[in-house]
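Per TrEMBL, the features are:
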BINDING   65, 69, 72  [4Fe-4S] cluster binding site
BINDING   71, 177  S-adenosyl-L-methionine binding site
BINDING   141, 289, 311  (3R)-3-methyl-D-ornithine binding site
DOMAIN    51-284  domain 'Radical SAM core'
Ligand code: SF4
C-alpha cells in the first residue's frame, strides 16, 4: 500500500487514483502536501502564464419550487406570497446590465415551478436570444431539466433537443450536492436522484453540449461519499468528455433548516478542492469558490488545484439567501490572480479567452487530458 506521499507522487505523475486512494488523501491532514501536489497537476494541465475568470450574471427566474431541500434558504412553496417569477422585461433589464459590464453569459436557474411546461421555457429562451444573440445562456441545472420532463410528460432527449433548438447554450452542473442517493434522500425531497442527475448530463453531452459539474459538501455526507461523488463524475466524463469544469463549495447553513450544522471551514474546503484536482484526472478545469470562501481563501484555491476564479457573479441570490456575504469586484478578482504571479484573462463558458486583444483561443486545445474533444456549441 502506498503512503500518502506515494499516492501524491502517483497522481502528480498522471496516475489514476482508486476510490480507496482518494479516500486516504481526503482523510489526510497534510494540507500543504496535498496543495503542492494539486498545484503541480494544475500547472501540468495549465502551463500558461495566466489564470482565468468569467463575467456573467446569475438570474434566478423564479424562487417557486415544488422540492424541499433542507439546505436551501432560497425557495418558496407554490402559493407562497413571497414567491416570484420574473417577467421577460425584468430578465432583459438584467441582461442589459450584464452586457454593459462586459459579460457574455447569463446563468439562468430557478426553482422547480409546478405549472410551466416546455413551451414556457422555449419561449423564454427564444425571447432572450432574439434580443441578445451574442449572449450564451448557461441555463437549467439537471434537477430543473428532470423536472421539465415530469411536468411536460416528455422524454429527456426531446426536452434537451427542444431547449437547445430554442437557444440553450450550455448546462450548469448545479443541484448535484452529493451524488449518492443516501445523502440526497436525507436532505432533499421531490428532487432528482443520482442516476437521473447524471443521465441529464449524459444525454446533453451526447447531443454535443457541454456542462459543468459541482459538489456541495460539508453536511451529512461521509468522506467516502464525497469520493463516490467524484468517482461518478469521473466515470461519466470517461464516457462522454462533456464536463468543462468542476466547482465545489462548502454548505452554507445560515437561514436553512440545517442551520445547526457546523460549517466546514477553509481547511476542509482547500483539502477537498485539492483532492478533487488529483482525483478528477479527466476534467480539465477547476473553479475556485470565492463566493462561499471569500477573497483570500478563494485566491488560495488557485494554489490548491483551481485554475479559474469562476465568475464575477453579478447577482447570486441562492447563496446570498443563506447568509453568505462575499462580493468581489472585477478588480479584486483580477488582483487575486495577479498577486500570485499570473496574468488575469477573461474566458467564456468553453474556457476560450475572450478578453480584449485576444483571438478566441482554446486554453488547452492539445491537452492530452482533453480526452473526448467535443465541438464548441453556443
Ligand atoms: S435547492 Fe433548488 S430544488 Fe432544492 S428547494 Fe432550493 S430551489 Fe428548490
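Every residue gets a Cβ built from N, Cα and C, even glycine.
According to DSSP, residue 141 ((3R)-3-methyl-D-ornithine binding site) sits in a coil region rather than a helix or strand. Among the binding-site residues 65, 69, 72, 141, 311, residues whose Cβ is positioned under 6 Å from ligand 1 are identified as 65, 69, 72. Recorded residues residue 69 ([4Fe-4S] cluster binding site) and residue 311 ((3R)-3-methyl-D-ornithine binding site) have their alpha carbons 25 Å apart, per Cα-Cα distance. For the binding-site residues shown (141, 311), fewest C-beta neighbours within 10 angstroms: 311. Taking the C-alpha atom of residue 177 (S-adenosyl-L-methionine binding site) as reference, the shortest distance to any of the binding-site residues 65, 289, 311 belongs to 289. One residue stands out among the binding-site residues 65, 69 for having the most other Cβ atoms within 10 Å of its Cβ: 65. Ranking the binding-site residues 65, 141, 289, 311 by Cα distance from residue 71 (S-adenosyl-L-methionine binding site) puts 65 first. Residues 65, 69, 72 make up the record's [4Fe-4S] cluster site, and a Cβ search at 8 Å around their centroid adds 67, 68, 71, 74, 75, 111, 188, 191 from the same chain.
For residue 72 ([4Fe-4S] cluster binding site), the Cβ neighbour count at a 10 Å cut-off comes to 23, with all displayed protein chains included. Annotation for the binding-site residues 71, 177, 289: lowest Cβ count within 10 Å of the residue's own Cβ, 71. Across the structure, residue 289 ((3R)-3-methyl-D-ornithine binding site) and residue 72 ([4Fe-4S] cluster binding site) are spaced 18 Å apart at their Cα atoms.
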